[in-house]
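Annotated features in TrEMBL:
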{"type": "BINDING", "residues": "169, 234, 249", "note": "Mn(2+) binding site"}
């Protein structure tokens with residue numbers, strides 16, 4: 001399986017040994033990764049050193065290098081000079097996002113997100129039921145999410161439609177995160193979702209997980225030749241990669257929230273996420289992308305499914321195919 005490597009430790013150095021990337025972390029034994037198995041390299045924080053030879057070999061092989069801050073937020077990307085925009089595709093994309101038909105794509109993305117939020121709630125509740133724990137209280141939240149899903153699909157407004165759809169998404173998020181305060185999930189020590197500057201380990205873990213997810217989305221869009229800054233939902237954020245943020249939505253619950261929930265014993269009761277927990281979040285999200293999921297009559301790695309979904313999105317921009325979000329099975 002090809003690898004996405006994330007380097008976060010201060011004092012790390014990356015160099016080339018033959019046809020292998022050599023990663024040395026201060027105080028630990030170095031690791032060699034064959035370049036033909038490397039799909040992307042992500043450098044976060046300060047103090048990491050990468051040789052010009054390593055940059056050159058990655059560029060020649062089409063391996064993007066993502067530069068991020070300590071919180072995993074994207075800053076820059078290095079890629080080979082042979083990588084270029086697919087001009088006609090991006091032209092179609094830009095034309096599409098300005099048409100009313102982009103509303104239908106936005107609806108499907110948000111529909112997928114809310115359905116996957118519901119799937120995460122049901123996934124953990126299933127195991128509690130097997131233990132004899134009552135989860136009757138959850139029915140109200142699930143019914144409310146179902147109602148929002150119906151409202152999203154039925155929506156046909158033409159004026160300020162993005163604000164209306166984001167209103168539905170916000171209502172679903174409120175129900176979802178409030179449900180996660182229950183003891184069968186994070187518990188009442190979890191006070192709610194906080195993004196940048198979070199002061200608790202659960203939100204820090206979620207933010208880290210989302211930054212890893214963002215790298216996978218960036219890579220898939222980069223390979224497809226799409227414009228990452230032209231999206232259909234998050235268009236009110238100048239300078240932000242709108243399409244990246246759009247496509248992250250349907251994957252956030254299952255690929256990140258579910259993983260962090262499974263690690264809550266490593267997170268509860270601490271204000272700062274530990275180095276051990278950071279590593280568990282990174283490996284958890286990576287393993288989730290390596291897992292198998294049914295897709296159009298086949299069983300594929302989720303990372304492969306993501307790439308195929310992005311290629312289907314290209315077909316949407318050409319008006320040659322329709323988009324269908326990934327709905328994870330609980």
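From the backbone N, Cα and C atoms, a Cβ is placed for every residue, glycine too.
Positions of the features from TrEMBL, shown on the structure.
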{"residue": "169", "record": "Mn(2+) binding site", "DSSP (3 states)": "helix"}
{"residue": "234", "record": "Mn(2+) binding site", "DSSP (3 states)": "coil"}
{"residue": "249", "record": "Mn(2+) binding site", "DSSP (3 states)": "coil"}
Number of other Cβ atoms within 10 Å of the Cβ of residue 234 (Mn(2+) binding site) across all protein chains: 18
In the chain carrying residue 169 (Mn(2+) binding site), residues 6 or more apart in sequence that have Cβ under 8 angstroms from it: 110, 113, 114, 249
Additional residues around Mn(2+), ordered along the sequence, whose Cβ is within 8 Å of the centroid of 169, 234, 249: 109, 110, 113, 166, 233, 245, 246
Local Cβ density at residue 249 (Mn(2+) binding site) - other Cβ atoms counted within 10 Å: 20
